[in-house]
Amino acid sequence: MGEITNVMEYQAIAKQKLPKMAYDYYASGAEDEWTLNENREAFSRILFRPRILIDVSKIDMTTSVLGFKISMPIMIAPTAMQKMAHPDGEYATARAASAAGTIMTLSSWATSSVEEVASTGPGIRFFQLYVYKDRKVVEQLVRRAEKAGFKAIALTVDTPRLGRREADIKNRFVLPPHLTLKNFEGLDLGKMDQANDSGLASYVAGQVDRTLSWKDVKWLQSITSLPILVKGVITAEDARLAVHSGAAGIIVSNHGARQLDYVPATISALEEVVTAAQGRIPVYLDGGVRRGTDVFKALALGAAGIFVGRPVVFALAAEGEAGVRNVLRMLREEFELTMALSGCTTLADINRSHILTEGDKLRPTPRL
Ligand code: GLV
């Protein structure tokens, strides 16, 4: 393997290494995969307005998320079933995140339990939650996450049903028999039955609560004191409802383009959500982040931080923990360079005037 110089290079290696069913599960988006491409394309249509002759000899990328200090505004998104990518799975991701001084979000559908991930050592970790029809299951799981030291719940709100991922349907996707959804093992919900379409889609149809609504955000608050991030908001209307629901923050996400196809790229939806949130709660973003320049663009549009998903899984498949460490290192270094070349020395320096979006190009040149 030649030297890896950007996070995207891990995808081709993962494709070679992984069984087709596993690779396709991680790589695919919903239906025509329009949004999957657009999550990347939309970043490429945003240009920079860098400032020059600013002393950038010292750059501070540190920030705090829900009161937790981290080394950079780059965090790890929840991605399911990481042991399908590498035998160390979520253990490797947790260790790499801790070593980089950043946050890992563990998926409900992890192949390692909350307790197992906690056993890797100290680290700031969030828990991604799917709400099951059986609320006792949810209560137990949230309590276990709290006990295992997880610091926030990222409540996924865009999955009353699973999106139509055609590769998974063709492959009759199921979790390999040597693995389980570890958080649900003791509850007899850890296995996924073979179905005549995607086994995961059937699992979701059987277990996940389609009635989930804003009142359940209140319910969740009644069973936990952990802060709740509402993950999957892409409109101003829902951003306002999230603020009113008492959420601690919003994650602008289209679930890695795996749910509803033809929704905008998250970077395109970000600004309306930020405007609607009116600074009352922080807004984060996931989806399509592959470069330090993408991180900068998201921050310039008002994100308080970003999460990366697929690059972590592909790097895990290629090189295990070392791969995930390398992804976090490359993104960090690219982001630092972008700050320097844009004339920003702290995250607070990054603002809307540092970028030019397509919408801006239609407006007269701003008098700043
Ligand atoms: C899991 O959250 C998935 O999108 O497959």
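Every residue gets a Cβ built from N, Cα and C, even glycine.
Those TrEMBL annotations? Automatic predictions, nothing curated.
A quick note: this is a predicted structure, and the numbers were derived from the prediction, not measured.
Residues annotated as active site, proton acceptor in TrEMBL: His255. His255 (active site, proton acceptor) carries a helical DSSP state (H, G or I).
Sequence-distant contacts of His255 (active site, proton acceptor), defined by Cβ-Cβ distance under 8 angstroms and a gap of at least six in the same chain, are Thr156, Asp158, Thr159, Gly163, Gly232. Here TrEMBL flags Tyr25, Arg165, His255 as glyoxylate binding site.
Look at Gly288 (FMN binding site): DSSP puts it in coil. Annotation for Gly288 (FMN binding site): spatial neighbours Asn39, Arg40, Ala42, Phe43, Ala265, Thr266, Ile267, Asp294, criterion Cβ-Cβ under 8 Å with sequence separation of six or more. The FMN binding site feature in TrEMBL is assigned to 78-80, Ser107, Gln128, Tyr130, Thr156, Lys231, Ser253, Arg258, 286-290, 309-310.
In the predicted structure, the domain 'FMN hydroxy acid dehydrogenase' (1-360) carries a mean pLDDT of 97. The domain 'FMN hydroxy acid dehydrogenase' feature in TrEMBL is assigned to 1-360.
Cβ atoms within 8 Å of the centroid of the Cβ atoms of Tyr25, Arg165, His255 (the glyoxylate site) belong to the same-chain residues Tyr26, Ser28, Gly29, Ala30, Leu162, Gly163, Asp168, Leu200, Gly256, Arg258, site residues excluded. The CA atom of Pro78 (FMN binding site) is located 14 Å away from the CA atom of Tyr25 (glyoxylate binding site).
Counting in whole angstrom, Ser107 (FMN binding site) lies 19 from Arg165 (glyoxylate binding site) by their C-alpha atoms. Among the binding-site residues Arg165, Arg258, Gly309, the residues whose Cβ sits under 6 Å from any atom of ligand 1 are Arg258.
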